[in-house]
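A.B. asks: Per TrEMBL, the feature active site, proton acceptor maps to D57. The feature active site, proton donor is assigned by TrEMBL to D197. Positions annotated as substrate binding site by TrEMBL: S30, H88, G164, F165, G166, G167, G199, G219, S220. According to TrEMBL, the divalent metal cation binding site annotation covers D57, H88, D197. What TrEMBL records for 1-21 is region 'Disordered'.
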Amino acid sequence: MVDEPGSVSRGGPRRSAPSWSLKEPELVASVLGADYARLGDEVASLTDAGVDRIQWDIMDGRFVPNMTFGPDVVAVCRQHSHLPFEAHLMVQDPDPMLARFAAAGCETIIVHAETCPHLLRTLSTIRDLGVEAGVAVNPSTSVDFLRHVLDQLDQIVVMTVNPGFGGQKYIARMEEKVSEVRALVDHSGSPARIEVDGGISTDTARAAWYAGAELLVAGSAVLGHSGGKRTAVAELHRALARPVPAP
């Protein structure tokens, strides 16, 4: 069970929602596990299912073993949804790709701290393209660097799995890192949003939220649900709304 803000002694009232968010976190659907032969239809059905954003996991076969989508695929699917698109660039050299993903219709471009030797410049370039800039950190990466780039960040992504594959198990100890980032953002007054990516399900979504997340990325929990996408999204919302008794 997760320690939550506003907790009380055993037998007292139920605990309140996190102080940093008066509403549930947004649900971001990753299309990594989608049917690639029907990608436009998959994006449309995710939109109809009630998610808040669509995430494109861009892999180059170098930073991570797999390879996925290019900007042309994202651009074609743009017409199938009115929702904001995120491009999560799990690539060794993101800089040459930034303009193309912005032109493809992505409202947010996320790069990995591990692949950007000149991170401040990369984030500034993203913002100069008229889109929001995000940075992702792998489970083994310290977040100490964030204080030096906060003024260029719109989004911070804490990976709760190792990147590159869908359907992985949520790494619960990363909640400490989420809380560390939450404290840094709140203390600095930065408007940057915190996103948790990896292993989000009805069993883990609430813990990630209470650790500090404002956006939750769900992949297999939505695309792999036997009851369909709409049912999966509804179950995630119910899991987030479920009262949690005080310890």
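Each Cβ is built from the backbone N, Cα and C atoms, and glycine gets one as well.
All TrEMBL annotations are machine predictions without curation.
Looking at the shown structure, what environment does each listed feature sit in?
C.D. replies: All chains included, 25 other C-beta atoms sit within 10 angstroms of the C-beta of D57 (active site, proton acceptor).
Under 8 Å, Cβ to Cβ, and six or more positions away along its own chain, D197 (active site, proton donor) finds V28, S30, Q55, H88, A136, V157, V158, M159, T160, V161, V217.
Every protein chain considered, the tally of other Cβ atoms within 10 Å of the Cβ of H88 (divalent metal cation binding site) stands at 28.
DSSP assigns H88 (divalent metal cation binding site) to a strand.
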A.B. asks: Any idea what DSSP makes of D197 (active site, proton donor), helix, strand or coil?
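C.D. replies: For D197 (active site, proton donor) - judged by DSSP and reduced to three states - the answer is strand.
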A.B. asks: Considering the binding-site residues S30, S220, which residue's Cβ sits among the greatest number of other Cβ atoms within 10 Å?
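C.D. replies: Checking each of S30, S220, the winner is S30.
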A.B. asks: Neighbour count, 10 Å Cβ-Cβ cut-off, for G199 (substrate binding site): what number do you get?
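C.D. replies: Its Cβ shell of radius 10 Å holds 25 other Cβ atoms.
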